[in-house]
Amino acid sequence: MLEDGSRLTAAGVTGLVLVLLLTFPSFTSISIHIRESKSNPKPKIYEDEDGVATEQSMAKYSAKIPKIFHVFFTISGLSAAVALAILATINSPRGMFADDWLNVAQWFLLVVQALTIASVRNTLRSYTLGVFSLISCMLLLAVLLIQGMLLAQNVGVSSSLGATGLQIAQLVLVVFAALASVSIPRRPDVFYDGAFVDGMNTVSALERYSFSWVDQLLALARKKKRLDQNDLPKMDHYTRARDLSEDWRRKKHTQRLWIEIFLVHKAQFITQWFLTLLQAFGNFAPQFVTYHILRILERRVAGQAVSSEAWIWVLMLTLTTVGAAWNEAWLFWISWSGLAIPIRSQLSSLIFQKAMRRKDVKGTSKSRKITSSEGTDLMNAPGDEVAGDKPKIDGDKSDPKGKQSTVNLIGVDTKRVSDFCSFNNYFPGCLFKLAISFSFLLSILGWKVLLCGFLVMSLTLPVNIYFSKRYSAAQDRLMKVRDVKMGVVTEALQGIRQIKFSALESNWHAKIGKIRAKELAEQWSVYVSDTVLIFCWITGPVALSAASLSLYAWLYGELSPSVAFTSIGVFGGLEVTLAVIPELTTYLIDAWISIERIERYLNAPEITKNTNDAPNISFENASIAWPSDEEKEDGDERYVLRNVNISFPEKELSVVSGKTGSGKSLLLAAILGEVDLLSGKINVPRSPPTEERHDHLATKDNWVIPSSIAFVAQIPWIENACIKDNILFGLPFDQYRYQKVIEVCALKKDLEMLTDGENTEIGANGINLSGGQRWRVTFARALYSRAGILILDDIFSALDANVGRFTFEEGLAGELGIGRTRILVTHHVALCKSKTKYIVELGNGTVENSGLVQDFESDGTLDEMIKREETEQETQEDEESTAVNSEQFSDSENTKQFKEVNSKTAAPKKFVEDEAREKGAVKTAVYLNYMKSSGGWLFWSVAVLSYAIVQGFVTGRSWWLRLWTGDTTDQHQSIKHTLAYSFQVNGLSHGFTPSLNSSAPIKHTDNIGYYLGIYVTLSVVSIFVGTFRYWWIYTGSIRASRSLFDKLSFTILRTPLRWMDTVPLGRILNRFTADFTVVDAKLSMDIGFGANNLFRLIGIMIAGIFVSPWVIILSLMLLSLCLHVALRFLPGAREVKRLESIAKSPIFEQFGSALTGVGTIRAFDKCDVYISRMFSKIDDHTTSFWHLWAFNRWMGWRMALIGGFFATFICIFILLMKDIDAALAGFALSFALEYGQVVIWTIRHYTNLELNMNAAERIMEYSNLATEPLDGADPPAAWPSEGRLEVNDLVVGYAPDLPPVLKDLTFTVEPNERIGVAGRTGAGKSSLTLALFRFLEPREGSIHIDGLDISTIKLQALRSRLAIIPQDPVLFSGTVRSNLDAFDEHTDAELRDALVRVHLVSSSDFNTSPASPTSQALPATSPAGNCNTFTSLNSPISEGGLNLSQGQRQLLCLARAIVSRPKIMVLDEATSAVDMATDALIQRSIREEFKDSTLVVIAHRLSTIADFDKILVMGEGKVVEFGTPRELWDNESGVFRAMVGESGEKERLEGIMMGNVPHAE
């Protein structure tokens, strides 16, 4: 007793000292409060880094009630403590005089803290003091519990009823005081950008640490049955992308990236590791408590009540289970909200900001080794056309260069890194758990037993290590195949028009399918390795427990329940700890690879200022090349412009001309600073930074900033926004200037035709505009801008002659152009010469001519230039009266744009609709569809049966252990006896009363072999059936994945073009990539482990019946509580999961769009605008993902709380039953302790299943889309043999409710005729093309080819027999060969011949051995000069063919058509971007190559069709004129003659038609 007294006093003194230290902040706060009250009596509006409060939120804030209760409870506790101390002083049978007065002192300090909190007005200070008070209360509670436990153990110490009552009162009051102290709100509600900021840092500590601040949002989700993004609060400054980015920028970063990430987030990492250490103790604390309870039961005499010490252990069990549950919940929360989510947001922001500064490298990397081995490897067969000749990239170790690879940094790599940061603590956690569990097991088993057990378990270690390596390797291969799949799917979607026009859907379906087959093969490899690892995971604890317990029984001659059941519990936890290490190592490797990729990207070369400030733009002996991010070597293979010496005059128009591929775009890029300057100097006026422009103050007088730059790229870059926003581009609206821009860019008529006028939404990259419209919108953007320098790249190539002349004279040389420095790349020197001051001609890798126009006119040089270039363009845009998307041949040309102009009063229609999402629970049909795809009812029946068998054996094994440790007699040899006993002691049965004695340990070793043999037999069966069930589920998962993917790819490739135009690429890619990653890898885990936990839950409830039938009632009651929590959780979690899925796509779309238009964005100095937009999109995704985890923790904490109480109630049942033996108690408790975790994981796996089934739901949504018609007859094999085209009374419209665009169209084309189609804008030219390929189906009339009605035959058969060369060329990444002949149907000789015929190469350029591939379209530099890319069929083509010029891309597409040699060919401005000389040669090639084909040419150049057999002139969807060129010319009042008259080269065209002038002069 003396020893206990000193321990009590030591505890009391320690508690008092600590509470005193925690009271010092109260003294400090009182003095601060007094000073503040004197200096500033009126409180200010609250503001912090998260946001600012409002007057309303300030008025709403109140902490009076918790403060009053806090004071009341502490004063009441002090009163109880004083009363107890006085009793101890007067009469002290308890012998605790000093301890009671120490308690009084602690209570007094608590009162001081409470009064201080009540008086302080500063919200943060009150909150912080409340937390200190909580810790003080916890310390006092610990002291009181220690006192109570020691009193309970010393049964000889008596205590009066009053003293006991006062002791209990103190326990209760200190708990209530603690609760009151943490019920003080931290601050009033704050707002950021007018939106409410999440309440985690606003509410009280009690609400914060119990995750109660999300209650309102969960209630809203239940009420609305839907959550929208604007329902979610804004994030705090620890999570917002902008704040994280600025925080990163404020610090200097000299270390490796992973070290810098750790240093920036070190506080969270340290907190995470500290909580991990606590968790290691918390995980084994319940087992420790169970051990002591079982020891008490073993010592108990049958029929007697347990000692009071047991009840203290029950309380300890409750506290440890609840405490461990809370610690785990908060650990998870810190890991995700404090680490994973902010780190991903921060890295994504850094990557995007880097993309805005990084060199825009368009060429293919030198490190890419040109080989077709990748295709062979992926398909396991030579000649398979998976990757064709696509250059091989060295997996994860390659630097991300392509657009898709760069997007993958945000989509894949940042997720890998952030995910690893969330569970990096498992590594130290494993060490902590091993140390604690070893210490505990050593104390109860001894070192011999423990060593033997681990030696046996280590037998599985080699298998575990081997298959962990296999698993890691398979995962690595799987990621690489997924990257290849993503590339192939992306290219298919980007080139869908070319695929549809060429009827290659089946080929691409097979191509994607073969990649998918390889992906599923790798996924199966992962599953096989995973199955073996699961086998090791199941076998380990069984082997460990069997060996340890049998040796223990043999050594000590007994096996007590306390040792057996406690050991098994620890073994189970230990095995999970050990089993997770190999998988964690895999994740570590993945994260390491990813962070190195990110680091390489962030360290890549940036655009540096390589221009000098000067009044005008000039080049001084400059040599320039397209940017490269690789080390320069002697063999640097880039196209170089050398020795450039030019000076563009200020405020004048300058023209740059030259042959196709001569470097015109490169010269413009040099002015923008987007090239590598190899030598010399470039002088460009300094553009003022954005903050100095003060755009909002701009007026007509100061609108133009002389040194500011605007840029129009050769490939127009347009945002997904309305036309007006694209033109304004963030500038304030000036009515006069805007209307003038619309007028001079010839957009007025277009806007009148569009349903929503200037508010018409444009799809990504202007997908629903024609080529001419896209150029005019981007030109309008440049004209409207404040730039004094306009850099324009070939803006006239897609415009009609009259439109081009108008925009030149009224726009470029008109009111808005005069006074600006304008540098224009064009082939239209003749069109521009009258207003041009300065001209540059490029050729042979340098400047051939440069100087003033008047000088060149006088010496005749200008005429020579004009002869080498285009003259006047005779273009006529292929825009229907919808004026939408004719160049793209999309059936979106546009369906709903065709209405009267007066309808513009309605709200503008969104071209790109918001992504749809389901409401409520995932539909039953989705589950049934998945079940059917995975194998049907037979498959699932076998699965359920296997799970039931395993659980039966697992429960039987524990029951057998209960018999083993219980008795050697026949007392408990059957479940029947146990059930009878259970019912009898609970008064539920009076028919059977067996003789019951306390359990006696086994004294004889004779029975060890018998018990051990049956125990091992049960274990072995459960091991093999348990492993089989996972293997079985995995087979079904693969089967379902294969079926769902095949259906999705089939459908997507055959959806109408209109749908493809209105759905962003990112959304479709999300289905093929992120959603299928879930379906392939996660659904099987959710089903497998979810079913395991469900059957474990059933097993636990059955085990409880053996203790008392009342347990089943208790189990069901607690289970109903769990279901209530789950039903409150699911609606909100389901909605934020859907929001999170949808929020990913805009990030990828924005990133992809910005990467495409980075040159334009930088030229306009809009990087900051796009970075802000990306911050907003990242925040949207972060917000939804953050709330998903907040809801998850809200549920997890409550489930764990219920589980903790279940174990407590079982323990109470056991202790109240006077005749229960320790073996049965151990059996019951071993299951009861699992209840909480099993319920949590069962519901969590169900929740994850439903949330992840959302991916299957999204896949099935797109799999069930309407497709183009798949029926029809097969035409004859040789059809069309002649090429006769008959159009009879054709009526075509874009939609049933819209007026027709072709009206009673009738004409006939004889075999092998060349027909030119002409007409003004909106005449219906492109609609005719779309009808010919059946993208538009006829309402009336018909189209016959060789006498066969095309509406009656299969689409694939029709399109495969025709060919089209569109204005916008479509190329796929790979090689020249793979683009000419994607499916290896032609010889190399045929392909080379086609390249010769389109004049990309001459026949002498081909060597007997293929030339080494080059990395730039404008060929690489070498000592000999620039070489030709097309001399080798293996030369690489980058994504979209961006390493070629626009003209080269068009010619390569023409060569592709020559290779296929169709009977009917449609050309739509196929050579708009090539110089005149090349065009003349190509036109001659077309005449020669297609002598035996019928040619239909959409006439953008009248000179192209002037000598054709016939010309079809269209107007308003009807045939206006049809006949030979000469017949139409002779009609003096005809439309065609008027068009020739307006063209500007009437004489030349007349000569061609009369046969006096050869076409290719």
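If you go along the chain as it appears here, the first residue is 1 and each next one adds 1.
Each Cβ is built from the backbone N, Cα and C atoms, and glycine gets one as well.
The transmembrane segment annotation in TrEMBL falls on one of the ranges 262-281, 562-581, 702-721, namely 562-581. For the transmembrane segment (447-467), the residues of the chain that approach it from at least six positions outside its boundaries are 438, 441, 529, 532-533, 536, 539-541, 543-548, 551-552, 555, 571, 575, 579, 582, judged by C-beta separation under 8 angstroms.
Using a cut-off of 8 Å between Cβ atoms, the transmembrane segment (937-954) and the transmembrane segment (562-581) share fewer than three residue pairs, counting only pairs 6 or more apart in sequence. Contact check: the transmembrane segment (532-556) against the transmembrane segment (164-184) gives fewer than three Cβ pairs closer than 8 Å, residues 6 or more apart, which falls short of the contact criterion.
Residues of the same chain lying 6 or more positions beyond the ends of the transmembrane segment (310-327) and with a Cβ under 8 Å from any Cβ of it are 145, 148-149, 152, 209, 275, 278-279, 282-283, 285-286, 288-290, 292-293, 296, 1197, 1200-1201, 1203-1205, 1207-1208, 1211-1212, 1215, 1233, 1236. Proximity of distant same-chain residues to the transmembrane segment (101-120), defined by a Cβ-Cβ separation under 8 Å and at least 6 residues beyond the stretch ends, is recorded for 9, 12-13, 15-16, 19-20, 22-23, 26-27, 29-30, 33, 67-68, 70-71, 73-75, 77-78, 81-82, 84-85, 88, 126, 129-130, 132-133, 136-137, 139-140, 143-144, 170, 177, 181, 184. Nonlocal intrachain contacts for the transmembrane segment (562-581), taken as residues 6+ away from its ends with a CB within less than 8 angstroms of a stretch CB, comprise 283-284, 286-288, 290-291, 294-295, 298, 426-427, 429-430, 433-434, 437, 440-441, 444-445, 453, 457, 464, 533, 536-537, 540-541, 544-545, 548-549, 552, 958, 961, 964-965, 1222, 1226-1227, 1229-1230, 1233. Under 8 Å from some Cβ of the transmembrane segment (1223-1243) lie the Cβ atoms of residues 286-287, 290, 293-294, 297, 321, 325, 561-562, 564-566, 568-569, 958-959, 961-963, 965-967, 972, 978, 999, 1089-1090, 1093-1094, 1096-1097, 1099-1100, 1103-1104, 1106-1107, 1111, 1115, 1118-1119, 1122, 1125-1126, 1195-1196, 1199-1200, 1202-1204, 1206-1207, 1210-1211, 1214, all in the same chain and six or more residues away from its ends.
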